[in-house]
Amino acid sequence: MSLPPLSGVAAVVESTADVVPLLDAAAARAGDQAAVAAGDTWSGLMERAGGHLARGVTRLAGRGYGLRVVILVGKGDNGGDGWVAARRLAERGAQARVVSTHPADEPLSDASASARDRWLAAGGRVSWELADLAPALARADVAVDALLGTGASGAPRGAVGDATAALRRARDAGVPVVACDVPSGVGADDGAAPDGAVVADLTVTFGGLKRGLLLHPGAAHAGRVVIGDLGPGYVPPTGTWTALSARGAAPPRLGAAADKRERGVVLVVAGALGTAGAAALSSAGALAAGAGLVTVAVPAPVRTEVAVHHPSAMVHGLPVDADGRLAPEAVEALPDLGGFDAVVAGPGLGHGPGAAAVVAHLRRGARRLVLDADGLNVHRDDPAALAEHAGALVLTPHERELARIGGGADGGDAWAHRVERVPDLARRYDATLVAKGPGTIVAAPDGAVWVTPNGGPALGSGGTGDVLAGMIGAAIAAAAPDAVPEAVARAVWWHAAAGVRAGEGRAARATAVDLLDAVPGVLGELA
Ligand SMILES: NC(=O)C1=CN([C@@H]2O[C@H](COP(=O)(O)OP(=O)(O)OC[C@H]3O[C@@H](n4cnc5c(N)ncnc54)[C@H](O)[C@@H]3O)[C@@H](O)[C@H]2O)[C@@H](O)CC1
Ligand SMILES: [K+]
């Protein structure tokens, strides 16, 4: 499969598994400990990690012999990997030089001390003075960041902070940076990137993908990511956080005799005076993602406006009040919900009493329901009502909407705390939550979480969210009963990939219509 153009994180997209586990620091440690308990050694694990790191450097540079590499090491086991990599690089003919942030007599773990001692015993070059760092970096072809790994907390401090600052300056001056496990300072659990966090061109991570390498802003610091395996005795711990690979994101195959009903019947309730385009984009999104039949219910005055956009969708007019807003009687005018596998409500709908009544009716009656935009906003004064729903519910908030439905006085912080908050809300509302933004998170009510490994600025234009809501509607309409959250994660993946594809050749300045046009090609490539 030729997927690099779709890739955000190569390590995910290129995986031969459907699902790539995402480890937090505790899980990574548990995996190491389990391997050691099963007969491996700390030094053996470190030897393999350092070997992968050295290979990452030579692969990035395209050579090993004569390569001038400066390896910055900290006092933890991330630094231990760095000492190993120095030796491995020297064995390939590189001119490796270690610069340490700690004094020569700093106590290290046994594995790190032995990696350091082997380097020193082999006559390897090392500087114990940070004053040597800038001149060394000025002559380097590649720099390796082995300062902090999964044991980091907060912004790089003290000598490590000085070292990351020097690394940042060197990279700005054109020296590529390879990070060991995670770029130093980036939170392995939450992708936080405090001031001073390293920006890398390549991150070589071990055993499994660290969560913070996919979550933003950490993902933007990691560059390309590759996973080095830690040996046959190392089993990556399974957890609730994963990412779908391109294989896992493949659209389900259609049976040879699949008719339009099997492909899923979707109702879109959207649009208002001035926002008819949102209804058109949502219904087009549902069709592009493969829905067999799409009906779009809109305020009657915009019926024709929506109908001209997509001849394949059926358009249903709903009554409006004197101001042209959806009237409460629209509830009775909706088509019978029993005829739809999934309903998508909210894009451009407005948030007057009529819209609120319609959305409440859908919550009580739809078999599967996606609430987007105003479908969420009508709950701003009573988000707890979102927990009251008859069928499977999907909520698709962006940052501000997440704050509104996130509840509590700290609603505004919901995005910053999304790693805990989004799975929490999914449980609280018994809904699949799609927290839209860079590295969109999809959380299921049972605790499963997917991080979207691709995407980019091309998704940041008006109407792309409307398209996504429709695509999710199509994906869940055709999903098996226990596979609704995963279908949501897949639709988010398609949408992100289509955004990337649509942005190509346009400096990422794609429109929602460009994105829609890219969806079938993405599905075709994944299938
Ligand atoms: N445990 C193992 O066997 C393996 C670990 N590996 C490596 O070990 C790393 C984890 O090692 P550690 O747990 O020792 O942790 P780190 O190497 O991340 O370092 C933690 C050290 O840095 C200090 N520190 C933490 N935050 C800091 C900050 N913001 N500024 C300055 N100093 C800070 C801490 O006081 C501690 O001494 C992994 O990322 C990976 O690179 C690999 O060798 C594979 C096997
Ligand atoms: K690092």
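Note that Cβ sites are derived from N, Cα and C of the backbone, with glycine treated the same way.
Of the residues SER15, SER184, SER245, TrEMBL places SER184 in the same K(+) site as ASN78, ASP145. TrEMBL lists LYS436, GLY437, PRO438, GLY439, THR440 as AMP-binding residues, and of the candidates GLY462, GLY463, GLY465 the one it assigns to that same site is GLY465.
Those same-chain residues not listed among ASN78, ASP145, SER184 yet with C-beta within 8 angstroms of the centroid of the K(+) site C-beta atoms are LEU72, GLY74, GLY79, GLY82, ALA146, LEU147, LEU148, GLY149, ALA152, ALA179, CYS180, ASP181, VAL182, PRO183, GLY185, VAL198. By the criterion of other Cβ atoms within 10 Å of the residue's own Cβ, the least surrounded of the binding-site residues HIS398, LYS436 is HIS398. Listed in sequence order, the binding-site residues from ASP145, THR150, HIS398 having a Cα within 10 Å of the Cα of LYS436 (AMP binding site) are HIS398. When secondary structure is read from DSSP and collapsed to three states, SER184 (K(+) binding site) falls in the coil class.
Across the domain 'YjeF N-terminal' (28-238), the model assigns an average pLDDT of 96.
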